[in-house]
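Below: one structure, written as structure tokens.
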Amino acid sequence: MASIATSLLVVVTMLVLAVAVASESNMLQDVCVADLSNAVKVNGYTCKDSTQITPEHFYFQGLSSFAATSNTTTGAVVTGATVEKLPGLNTLGLSISRIDYAPNGLNPPHIHPRASEIIFVLEGQLYVGFVTTAGKLVAKYINKGEVFVFPKGLLHFQKNIAKAAPASVIAAFDSQLPGTQSLLSSLFGALPEDILVKSFQFRPKQVKRIKFRYQPKK
């Protein structure tokens with residue numbers, strides 16, 4: 001029995017070590033600036049030749065000013081600095097965004113399937129929260145200088161509660177390309193009508209009306 005227990009311990013130890021090695025994320029080079037012109041992707045972008053790297057690959061000024069929220073239906077604009085705009089992020093496992101809100105503006109419920117998110121309030125006061133897989137709402141009012149975290153893959157939102165003043169946050173992600181899946185766009189822009197009718201107990205005409213708003217623009 002002792003020898004069997006010892007053997008099992010060795011096997012478990014080897015499996016733990018194998019998982020640790022498989023998840024090792026140490027880089028094998030100083031940088032891997034994304035070659036955005038290369039169509040070949042292997043869980044990310046291929047690297048540019050190191051002789052072609054410039055400071056501009058690691059620089060982005062798009063988060064420096066408030067975005068025009070008046071042109072949106074929800075009153076919120078997300079300006080992302082992901083690997084697609086900042087090629088130097090490739091393989092680094094991080095990215096950043098700025099979110100600007102008009103008075104009473106809303107960043108509607110959505111998920112980031114590949115990243116957790118942490119926001120820092122630049123200006124204003126917001127009501128923010130996420131929903132756990134058990135259906136529990138975890139929400140709080142946050143103010144300038146404060147921070148809130150949204151766990152990876154969980155549905156979340158942010159709303160500017162001021163009726164006269166704008167708000168802004170900086171959002172950081174532990175992925176170079178976190179992805180954003182909008183709840184409404186995914187449901188009513190992609191799913192068949194009969195699925196939606198049965199799921200929400202809506203009338204077919206109601207589903208058609210909502211789906212029309214979220215059909216992909218051609």
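The backbone N, Cα and C atoms fix where each Cβ goes, glycine too.
Just so you know, TrEMBL annotations are computer predictions that nobody has curated.
Per TrEMBL, the features are as follows:
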BINDING   Asn107, His112, Glu117  oxalate binding site
BINDING   His110, His112, Glu117, His156  Mn(2+) binding site
DISULFID  Cys32-Cys47  disulfide bond
DOMAIN    64-208  domain 'Cupin type-1'
SIGNAL    1-23  signal peptide
Determine which residues of this chain, when His110, His112, Glu117, His156 are set aside, have a Cβ within 8 Å of the centroid of the Mn(2+) site's Cβ atoms, and list them as they appear in the sequence. Ile111, Ala115, Phe130, Phe150, Leu154, Leu155, Pro178, Thr180
Please report how many Å separate the Cα atom of Asn107 (oxalate binding site) from that of Cys47 (disulfide bond), as a whole number. 34
Please report how many Å separate the Cα atom of Glu117 (oxalate binding site) from that of His156 (Mn(2+) binding site), as a whole number. 10
Can you give me the Cα-Cα distance between Cys32 (disulfide bond) and His112 (oxalate binding site) in Å, rounded to a whole number? 24
Using Cα positions only, nearest of the binding-site residues to Cys47 (disulfide bond) (His110, His112, His156): His112
Within the domain 'Cupin type-1' (64-208), count helix residues (DSSP H, G, I), strand residues (E, B) and coil residues, in that order. 27 helix, 59 strand, 59 coil
List the other residues in this chain whose Cβ sits within 8 Å of the Cβ centroid of the oxalate site residues Asn107, His112, Glu117, in sequence order. Ser97, His110, Ile111, Ile119, Phe150, His156, Gln158, Ala171, Phe173, Pro178, Thr180
Counting only residues 6+ apart in the same chain, whose Cβ is under 8 Å from the Cβ of His110 (Mn(2+) binding site)? Leu155, His156, Phe157, Thr180, Gln181, Ser182, Leu183
What number of additional C-beta atoms lies within 10 angstroms of the C-beta atom of His112 (oxalate binding site)? 22
So His156 (Mn(2+) binding site), by the Cβ count within 10 Å over all chains shown, scores 22
At a 10 A cut-off on CB-CB distances, which of the disulfide-bonded residues Cys32, Cys47 has the highest count? Cys32
